[in-house]
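As annotated by Swiss-Prot, topological domain 'Lumenal' applies to 1-8, with the evidence given as sequence analysis. Annotation comment: Swiss-Prot describes 9-31 as transmembrane segment. Summarising the annotation, Swiss-Prot assigns topological domain 'Cytoplasmic' to 32-695 and lists sequence analysis as the type of evidence. Taken from Swiss-Prot, the feature domain 'Flavodoxin-like' covers 66-221. The annotation domain 'FAD-binding FR-type' is assigned in Swiss-Prot to 277-538 on the grounds of sequence analysis. Annotation comment: Swiss-Prot describes Arg451, Tyr452, Tyr453, Ser454, Thr469, Ala470, Val471, Gly486, Val487, Thr488, Thr489, Trp694 as FAD binding site.
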Amino acid sequence: MAQLDTLDIVVLVVLLVGSVAYFTKGSYWAVPKDPYAAANSAMNGAAKTGKTRDIIQKMEETGKNCVIFYGSQTGTAEDYASRLAKEGSQRFGLKTMVADLEDYDYENLDKFPEDKIAFFVLATYGEGEPTDNAVEFYQFITGEDVAFESGASAEEKPLSSLKYVAFGLGNNTYEHYNAMVRHVDAALTKLGAQRIGTAGEGDDGAGTMEEDFLAWKEPMWAALSESMNLQEREAVYEPVFSVIEDESLSPEDDSVYLGEPTQGHLSGSPKGPYSAHNPYIAPIVESRELFTAKDRNCLHMEIGIAGSNLTYQTGDHIAIWPTNAGVEVDRFLEVFGIEKKRHTVINIKGLDVTAKVPIPTPTTYDAAVRFYMEICAPVSRQFVSSLVPFAPDEESKAEIVRLGNDKDYFHEKISNQCFNIAQALQNITSKPFSAVPFSLLIEGLNRLQPRYYSISSSSLVQKDKISITAVVESVRLPGASHIVKGVTTNYLLALKQKQNGDPSPDPHGLTYAITGPRNKYDGIHVPVHVRHSNFKLPSDPSKPIIMVGPGTGVAPFRGFIQERAALAESGKDVGPTILFFGCRNRNEDFLYKEEWKVYQEKLGDKLKIITAFSRETAKKVYVQHRLQEHADLVSDLLKQKATFYVCGDAANMAREVNLVLGQIIAKSRGLPAEKGEEMVKHMRSSGSYQEDVWS
């Protein structure tokens, strides 16, 4: 009997599973995994030593009847949880608390009181996985052998006393949309819990996350009011935090945070381990421009990690902790009437024992806005509405009311323009919104989050340096009246300009406090941490690999090829290494054009780089077109158990590549197109198709 290759086996599996699915009406289909979001969870989430991990005890001790759990990676789910808590308290009189899922244990969830309610606000991350702070909860609640204190089995419906509400944050450009909330909802229902209202789903891929959330929550509140006999009342702003100006302190006092991320950094003695809660202040060893076009920038940076105990593996991600641009800091302070007291020291405290202060304190208005608050993000309709009571005049108030009530008008005037909160208010009136409490701004805006970049170097080749490859965002969106500028990439461009001799760097007219708080980042340093990824080379270097990475999607593949070239130089057997790379023009944005020649010499005919230049001819050519042209090569390598990698844009490129690959497999095997698509799905689940994509 002829030996079956990997895809032959997959074909048989697909046909078998298809038959099983037909006869069992799909009951044997396992839901695979789906990526959403790529960033870190809130930095103050971990429960402090000595505090209870019993959520029921915590609710009883603090007099709460509503807990809003969140699983968040970028801060959005946490923000929605906070908004639900505030609304539940102010509109319906609920005694609410927000809870990080990793702060509690769940073995006694079967004792959750019938007169209380639990919310689950859950983002999907990675390959359909829970966010970092939700892993233990997810594994527990969806486990086949889930065990509660009562000892009741799943068949005995141990969670029959639990009433819950669920909302998920997902992205429809990925294969398994909102997998996290769907899995948890199914598990809770199976265990006997009673969901109130529908399980809401927000779609970041369609750009409708905020409107999905707003559309879901009104009928949810109606259902919850009926279930718990709640009476709606006129919502009046009740601060979660107190913000007190402290005249006894000055910015020069060493107890005042001026942008330091942690107490260790404030004291001048930061220590590892470095993580999403504690960044390493890393030196930028080298920085250079990769594009030759004058109107666009793409940066190559080498970030030093020697002596830090930070480690990485080829294919991992590095997080860059950015700083807001000076012009946006000034705009924000002016709009809210606090520009003249920007250096006043403030103390921030939670007014509720369960409230976590998201900003290190004491600090100053300037430091809070520059280093800690996400002031440049597009503003939400709900947050704009919350400013109605604080409008400077009746005309402004009427405009804010209209923006809050009319989503189409809000889309035209605010969303289409990609305005942040200060820009939106400037568009309404030139008068300052001086009456807005700073506490409301802390509550309504996310913590300034790190941004993640695929590492473009090999840890085998340079273990003490991490390379990144980043396009600087500066674009005029359709319908926008201003240029939208990337928060982190322009900050990095300023650092690059400074390192390369510019005494006054101002990328795209922006300036930054690039020496950091108290000049602690002087000498060109940047706060970073490493996030490990499953996007990895085969452990056996003789295995073939196929990589598709247009634009900066080539970043991790530079690391892959760098590593294989080093292995080949050391005498190791290296398998076929195929890269499909695309850009606009070979003379403008062909990333690492000369470097590929060096690797070609080391790898010889093992390395094949297939290019697609989209703007060199009248007909645009993309990587998916080149993939089709080289269908025989791709098919042959897949038969040799090649791993297929995609990095870059999820909404268009990755989806097209996925489709083309399915067509190639189906055609080479004489199968219907839908069977080819199913085989790509099986490649995903087996790890032979890997993605590192973003939307």
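The backbone N, Cα and C atoms fix where each Cβ goes, and this holds for glycine too.
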Practice task
Would you mind listing, in sequence order, the residues at least six apart from Thr469 (FAD binding site) in the same chain with a Cβ closer than 8 Å to its Cβ?
Solution key: Leu290, Cys298, Leu299, His300, Tyr453, Ser454, Ser456, Thr552, Val554, Ala555, Arg558, Leu591
Exercise for the section: Over the domain 'Flavodoxin-like' (66-221), work out the mean pLDDT and round it to an integer. Expected result: 93
Practice task
Would you mind pulling the DSSP three-state label for Val487 (FAD binding site)?
Solution key: helix
Exercise for the section: Express in Å, rounded to the nearest integer, the largest CA to CA distance found among the FAD-binding residues Arg451, Tyr452, Tyr453, Ser454, Thr469, Ala470, Val471, Gly486, Val487, Thr488, Thr489, Trp694 named in the record. Expected result: 17
Fill in the blank from the handout: Out of the binding-site residues Val471, Val487, the residue with the smallest number of other Cβ atoms within 10 Å is Val471
Completion exercise
CB neighbours within 10 A of Thr489 (FAD binding site), counting all protein chains shown, number 22
